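Participant: Dropping the structure in here first, questions after.
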Amino acid sequence: MAALGALVKKAWSVRRFVVLLCAPLALVPILLSLPAKEGRCLYVILLMALYWCTEALPLAVTALLPIVLFPFLGILPSNKVCPQYFLDTNFLFLSGLIMASAIEEWNLHRRIALRVLMLVGVQPARLILGMMLTTSFLSMWLSNTASTAMMLPIANAILKSLFGEKDTSKDMNRGNEENQASLQQNKLYTVPTEMQFLASTEDKDLSEEKEISSDAISDLKKEEEYKTNIWKGFLISIPYAASIGGTATLTGTAPNLILLGQLKSYFPECDVVNFGSWFMFAFPLMLIFLLMGWLWISILYGGINLRGWKTKKSNIRVDAEARAKEVIKEDYQKLGPTKFAEQAIFFFFCMFAIMLFSRDPKFIPGWASLFAPGFISDAVTGITIVIILFFFPSQKPSLRWWFDLKAPNTETQPLLTWRKAQETVPWNIILLLGGGFAMAKGCEESGLSVWIGGRLHPLEGVPPPVAVILITVVIALFTEFASNTATIIIFLPVLAELAIRLKVNPLYLMIPGTIGCSYAFMLPVSTPPNSIAFSSGHLMVKDMARTGLLMNLMGVLLLSLAMNTWAKSIFQLGTFPAWANIHAENATSLVTAVENVTLSALNKI
């Protein structure tokens, strides 16, 4: 086994080396087949897309390539490329990451999770709902990966209290005899009443004993199947809820912020999308999708039994649920009484959300209207709150200390230290966002986005609602095999130009594309949360494939419904906005300039 692992590592190293060397050479024809500047920009984008999809280089390192390639190839000067890595959108995301770091530092997320599970109850369907609600709520503020990694140990502890230890090495597809033997060896359950009756009636004849024993083993098999299905339902619901929950806020996942950044790059006059307006649109969609996903997972994995919902639960399941309730209660009690630091973090967390939401909610004047227009952004709001975390005390301050001259002058620990932030904040995501913004700037300045838009004539006859569905399906399938961040970076410029060609609001296509990047449920490699859940050893690829297929379909349909109903009033999608019209006029003038240059070159020839 070790030799096989070494061979796989060597093969992967060779593949990375081949991709790193051969990809730049294989893409050279792109430079020769397109106009000079557009061809060079497309060359860089395709090279970055290939490196992102194959992970030949770390994602963040690939995101740094525009700093080198754009100036060398004459696409964009360095003084225009480098600022893209530190836009205000990056700082908004950074503020969310620092807030999440403080929440994790004081275990507030675990207290919230256990409290929710205590409220929803211990029946499997209710516990799955509690897991999904908690994970999605945490994922709105923490990263999807962190939310999944935090919730899985809690789920495993509850599952062990419900069903005992799960043998991950046991194959459920073995023959009946081997399955029965493994059930008897594992001793996962209390002996059923039929077996107890059998032990107390030794004077029964042999035929009756065999018949009862067969019934008992059949019951054990049913219980084992029930246990396995519930275990899978628990584990698969957590990464799905994390992916769904991340779409509800702008800071919940990187693609949302990439949309915001690229909107500011392509359409500087667009001020429709901010934290409040996005939340009003995406939060109801998240709740509906979460409820539909919970019903599907519960029905598929036995949490809700449509046939026998009136049947009485066995004593085994009643006892198991009582044990699970005790485990949750015991874990909550281990956290002890609520600390002052937890209360302070919760207060600042609520302030963080309220101030972001109320800055400019659009339907009423926000508090930002008290300042000069354009001076206050979501980044200013987020950074203001998180700066307080670095000096606010983690212990309740005492007034007596100020008047007691003999009191020791001990340094008070703040809610968050910079060392802790350095260790826990994923700084590579900031570079990844910056790479996406630099790529978008290169597309705009080089005229590549206009060139792509000129090649989209066949799609001009597609009705916009059909275009939304097609775009969501294509992007959701693409992101099953590639990073969602890389996917949206590649597709957003195309969607912006397609919207201009269709004469529809660009948000009508760009928002479904952005959210569709988070709807990757079918494969373990689709998202880090899927990979974490799959690595537990209790799930198979076919489990994720059959569950995720309908999840993807539901996501596409619900997203289309949202875009054609309440999103229209929130983002004014019914009209072609003036801020997009300005971009379209600039694009037209750029196309005319390119054609004039081409004609003059031909005349000289």
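Glycine residues also receive a Cβ, built from the backbone N, Cα and C atoms like all the rest.
Pasting the relevant annotations from TrEMBL:
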TRANSMEM  43-73  transmembrane segment
TRANSMEM  123-142  transmembrane segment
TRANSMEM  234-258  transmembrane segment
TRANSMEM  278-304  transmembrane segment
TRANSMEM  340-358  transmembrane segment
TRANSMEM  370-392  transmembrane segment
TRANSMEM  425-442  transmembrane segment
TRANSMEM  462-495  transmembrane segment
TRANSMEM  507-527  transmembrane segment
TRANSMEM  547-567  transmembrane segment
Participant: Which one of these stretches, 43-73, 123-142, 234-258, 278-304, 340-358, has the most C-beta pairs shorter than 8 Å to the transmembrane segment (370-392)?
Facilitator: 340-358
Participant: Is it the case that the transmembrane segment (234-258) and the transmembrane segment (462-495) have 3 or more CB pairs under 8 Å, with pairs at least 6 apart in sequence?
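Facilitator: Yes, the stretches contact each other.
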Participant: Flag the pair the transmembrane segment (43-73) / the transmembrane segment (547-567) as in contact if three or more Cβ pairs fall under 8 Å (sequence separation 6 or more).
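Facilitator: Touching, no - the transmembrane segment (43-73) and the transmembrane segment (547-567) miss the threshold of 3 or more Cβ pairs under 8 Å.
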Participant: Could you pull out which residues elsewhere in the chain have a CB under 8 Å from any CB of the transmembrane segment (123-142), counting only those six or more residues past its ends?
Facilitator: 96, 99-100, 103-104, 109, 112-113, 116-117, 148, 150-151, 154-155, 158, 162, 230, 233-234, 237-238, 240-246, 248-249, 251-253, 286, 290, 293-294, 297-298, 302-304, 321, 324, 349, 353
